[in-house]
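Annotated in Swiss-Prot:
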type	residues	note
BINDING	190, 689	substrate binding site
BINDING	193, 197	Mg(2+) 1 binding site
BINDING	220, 223, 441	Mg(2+) 2 binding site
BINDING	650, 682, 686	Ca(2+) binding site
SITE	182	site 'Important for ion transport'
SITE	227	site 'Important for ion transport'
SITE	234	site 'Important for ion transport'
SITE	471	site 'Determinant of potassium independence'
SITE	690	site 'Important for ion transport'
SITE	701	site 'Important for ion transport'
TRANSMEM	61-81	transmembrane segment
TRANSMEM	83-103	transmembrane segment
TRANSMEM	112-132	transmembrane segment
TRANSMEM	265-285	transmembrane segment
TRANSMEM	300-320	transmembrane segment
TRANSMEM	335-355	transmembrane segment
TRANSMEM	385-405	transmembrane segment
TRANSMEM	413-433	transmembrane segment
TRANSMEM	524-544	transmembrane segment
TRANSMEM	593-613	transmembrane segment
TRANSMEM	620-640	transmembrane segment
TRANSMEM	695-715	transmembrane segment
C-alpha cells in the first residue's frame, strides 16, 4: 500500500505540474504586445461578447447541475453527489480559463504576426497549450485527488461500490457540462458564421471578417466559445470518463486480487507520465527552415508520442510491472501485453490524425475534388462534399476495429481500456493543436478589421489555414477516442450488470432476475440496437435545425442593419455588433436545452419502457445494453462523417482564396462563381463540423454514463 500511496502522490504531482506550466504560459502570453489602439478595441468587443455568452451559458447549466446534484445525493450518496460536482466544476473552469486566455491571445498573435510568422505561431500555440494542459492537468487532478480522498482519507477499499459510484458520478458531471458547452457553443459559432457568410459574402460581396459585416464580431466570439471552450469541455470529459471507466473495469476484473490497487493506479500513472511528455512536447514546436507551420506543430505531436512510449514504460514499472498480473475470463493478463496495448493506443491516435488530415487538408484529393465540383455549380459542390463526408468514415473505422481486436487479443477488454487511456494521455498536446485554431482565426479577423498591412493578413491566413486542419484533426481524434471510450463504458456496464446479478443477496433489486442475454435472436436486443441507433441521427438533426434557426435570425438582423443603415457599406456608419452577439446568445441558450437532454433521458426511457412492456428486468437491461451499442456505432459514423466532411468543405472554399486551378487549367479566384458555390458548400459544412458532429461525441458517452449510474441507483434500492 505504501508504494501505491507514493504512486498516487506522484500522479497528483504530475497534475499540479501541468497546471503550474499553464499558469507560467498564461503570464508569458499576457506579457506580449497588444498592438494598436484599434486592434485592442476590436479584441475588447470579442472579449466582452465571449464572456457574456459563457457566463449566461454556465448560469443556465448551473440550474440543471443543482437539480442533478440533489438527485445524486438522494438516490446514491453525498460522495457520489460531490463527485458529480467536482467533474462539473472542473470541466467548466477548464473551458472558462481556456477562453479567457484565447480572447486575450488573439490580438497579441495578430501583433506578433505583423513582425514575423514564427512569432505569431509561437504565441498562438502557447495560448493553445494553456488550454490543453489545463484540460489534462485538471482532469487528472479531479480523478486522482478524489480517489485519494475516498481511499486514503475516508478509508474505502479501492473496489468499494462507494468509490466506483463516486468516480462514475464525477464522469457524469464532466459529461453534462460537455454536452451543453459543445452544443451551445456550436450553435452560437455556426449561427454567426452561416448568417454572416450568406449576407456578407454571397449577397453583399464583402470579404470575410470585413468590419462592415454586423455579424463579424459574433463570428469571432463564436470561434472562442465553440472551438476553445467547447472542445476543452469535450476532451476534459473524454479524458475523465475514460480514466474512470478503466479504473472501474480494473476494480471488476481484479476484485479480490493482490494486484487490485496497482491495476487501479495504472491508468492514472499513464496519464500522469503523458502529461509530462505533453509539456516537454510543447518545446519542440518551432518553425523550421522550410517555414512549414504544420510541420512545426507535428514536431511537437511526434515528440510527445515518442516520449509517451517511455512514459508508458515508467507507468508499467511503477505499478503493474512486466510479468503476469492475473487472469480475466480465462485470459492471462501480463504487464508486457498491457504496455503493448498502450502502444497500440498511440499508433491508433497517429493513424487517425494522418487520415483526418488527408480528408480535410488543402491540396489533398478529397478537398481538391470538392473545389473542382464547385466549378460546375452549387449543387455539385454539395453532392461531392457529401460523398467525401461518407467516404471519410471508412479508414478511421478500420483503424478502430484493428485497435479493438488487437488489444482484446493481447489483454481482453482491460487491454482495450488501457489503449484508450494511452490515447487520452496525450490529450494535452492534442487540445493545444485545437485551441491554436480559434486564436489564429481571431487574429486574422482583427488584422482585417483593424486595416493592418495585407502582409499581416497573409501571415494570419497561413496560420488560420493550418488552424482549420488542426481543428479537424483534433475532432477526428476526439471522436475516435470517444468511440473507444464508450466501448470501455459499455464493457463496464455489462460487467457491472453481471456483478449485481451474481450478488442478488446483497442487491435485492437484481435477485431472481435471471440471465441477461445480448443474443441477437432476442427481439429486445434488436429493438434496443435500433432505438440506440436513432439517437445520434435525431440529436444531429436537432443540432442542425438549431443552427439553421440561429443562422436565419442572423441573416434577418444583418439585412435589417444594411437596409436601415446604408452608410455601413460606405464606412460612414458603424454596425451594431452587440445586437448580433446578444441575439445569438439568447438563441444558443434556448436551442441547446432540449437536444442536450435527449441522450441523458434516452437510457432511462429505454429501461423503464421495456420493463413496463415486457415485465422482465432481464429484457429491459438487455435492451438498454443494446441501445448503448447502437449509440456508439451510429454515433461514431455520424460524427466522423460530419466533422471530416465539414472540414473538407471549409478548406475547399479556402482553395479559392489564393486561386484554384481546375482540371482544364482555368484559374478561379475569390469572388468567382466557383468561389460562391464553395461558400454554399461551406455553409452546409460549418454546422456539420462545428455543431452537430462534435456534439455527437459527448452524446455517445453520456448515454453510457447514465446507464452505469442507473445500475448504481437500482442497486441502492431495497
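Yeah, the Cβs are placed from backbone N, Cα and C, and that goes for glycine too.
Within its own chain, residue 441 (Mg(2+) 2 binding site) has 220, 223, 227, 464, 467, 468 as residues 6 or more apart in sequence whose C-beta sits under 8 angstroms from its own. Beyond the ends of the transmembrane segment (112-132), by six or more residues, the same chain brings 22, 25-26, 28-29, 32-33, 35, 94, 97-98, 101-102, 104-105, 228, 232, 278, 282, 285-287, 291, 293, 296-297, 300, 427-437, 439-440, 443, 447, 452-453, 456, 459-460, 462-463, 467 to within a C-beta distance below 8 angstroms of the stretch.
Same-chain residues at least 6 positions away in sequence with a Cβ under 8 Å from that of residue 689 (substrate binding site) are, in sequence order, 472, 475, 642, 643, 644, 645, 646, 647, 649, 650. In sequence order, 175, 237, 238, 241, 482, 485, 486, 489 constitute the residues six or more apart from residue 701 (site 'Important for ion transport') in its chain with CB-CB distances below 8 Å. Listed in sequence order, the recorded positions from 190, 193, 234, 471 having a Cα within 10 Å of the Cα of residue 686 (Ca(2+) binding site) are 190, 193. Close to the recorded Mg(2+) 2 site, the chain also has 46, 106, 219, 221, 222, 224, 227, 438, 442, 444, 445: residues not among 220, 223, 441 whose Cβ is within 8 Å of the site's Cβ mean position. Neighbour counts of Cβ atoms within 10 Å were compared for the recorded positions 227, 234, 650, 682, 686, and the top value is held by 234. For the recorded positions listed here (193, 690), the lowest count of other CB atoms within 10 A around the CB belongs to 193. Nearest Cα neighbour of residue 182 (site 'Important for ion transport') among the listed binding-site residues (190, 193, 197, 682): 190. The Cβ of residue 197 (Mg(2+) 1 binding site) lies under 8 Å from the Cβ of 208, 679, 682, 683, 686, each of which sits 6+ residues away along the same chain. In the three-state DSSP scheme, residue 234 (site 'Important for ion transport') falls into the helix class. Residues 193, 646, 649, 653, 681, 683, 684, 685, 689 surround the recorded Ca(2+) site, their Cβ atoms falling within 8 Å of the Cβ centroid of 650, 682, 686, which are themselves excluded. Cβ neighbours within 10 Å of residue 471 (site 'Determinant of potassium independence'), excluding its own Cβ and spanning all shown chains: 29. Here the transmembrane segment (265-285) touches the transmembrane segment (300-320). Their Cβ atoms form 3 or more pairs under 8 Å, with each pair 6 or more residues apart. Around the Cβ of residue 190 (substrate binding site), the same chain contributes 222, 226, 547, 550, 551, 686, 687, 690, 691, each under 8 angstroms and 6 or more positions distant in sequence. Using a 10 Å radius centred on the Cβ of residue 182 (site 'Important for ion transport') and all shown protein chains, the other Cβ atoms total 32.
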